[in-house]
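One structure below.
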Amino acid sequence: MYIAREASKVWRKVTAEILVELQLLREKWGLLLAGLIFQYIHGLAARGVHYLHRPGPLLQDLGFMALPELGQDKGYLSESIFSSIFLSFVLWTFHPFIYHIKRFYTVLIWRRVLAFLVASQFLRIITFYSTQLPGPNYHCREGSELATLPPPNSVLEVLLINFPRGVLFGCGDLIFSSHMIFTLVFVRTYHKYGSKRFIKFLAWFMAIVQSLLIIASRKHYSVDVVVAWYTVNLVVFFVDNKLPEMPDRTNGVPLLPLSTKEKEIRLKEERDSKLKDEFHKLLNGNHGDPTDRRQRAQMNGRQHDEDTNHALTEAPTANGT
């Protein structure tokens, strides 16, 4: 009976959260849809540059000299790191539906994330179409059937981008790394709106590890990763300053019923907050009941008037003397 009762409460609160998010979605759907459409445009551009790709000898690369080549059979390592970052971030953005503490609205944070992604991907498209480098990945090298694409037979063939094979085995879209765009946008977003310091440290550590694995797997040149690091960070910084700040929901009502221990922690935090407020009021001289302050002000005013009248009464006597 207890489980059924609490489950009913949770469901009602989840439903309430869904209604709130749907209301925001009705207001912000245009920008969200534009961001999603641009993901397709980015994939289409990456597919298009594959038709222009020409395999050639590997360029001299400092990262290739410093990091041992993992081999084609170890290419899954960087993809595993990326998948874990991607899925963890997506799940975290939906935690307001099921978690106690809610710091943001899911619709608003994805609106922000898509703005970061679109700006970074737009710069990426311009960059890899400007100069086509010979791909370092194994399927992009000389002798591979996938290194070049024959001219398309129809426009539909291009528009369908041969998903997902065309995305996994693309060539030519090198500067700068798309994997690092998603990774750095997700990590920076959690760094700002996340609450766990250890997870923030872990996220940055995983981003560094993924960078090294991408180079060691020969999926990108070092320049592709290095350019991604400073470009994406600068893009997120400037776009974030242009966007309106999201409302903080930290002090909102918790979604799930609190346990006894959590209730005690919350009560202690509320008491500490009240004590701090009282302390600041005492320092600023604002402590006390407003009625008492008005009465003291009136008494001080009457005392001041009496002192003034007394001084005026004594003034003629002093002059006469």
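For all residues, glycine too, the Cβ spot is worked out from N, Cα and C.
TrEMBL has this to say about the protein:
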DOMAIN    170-238  domain 'Sphingomyelin synthase-like'
REGION    276-321  region 'Disordered'
TRANSMEM  29-49  transmembrane segment
TRANSMEM  81-101  transmembrane segment
TRANSMEM  113-131  transmembrane segment
TRANSMEM  166-186  transmembrane segment
TRANSMEM  198-215  transmembrane segment
TRANSMEM  221-239  transmembrane segment
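When each of the listed stretches 29-49, 81-101, 166-186 is scored by C-beta pairs under 8 angstroms to the transmembrane segment (113-131), 29-49 comes out highest. The average per-residue pLDDT of the prediction over the domain 'Sphingomyelin synthase-like' (170-238) is 95, rounded to a whole number.
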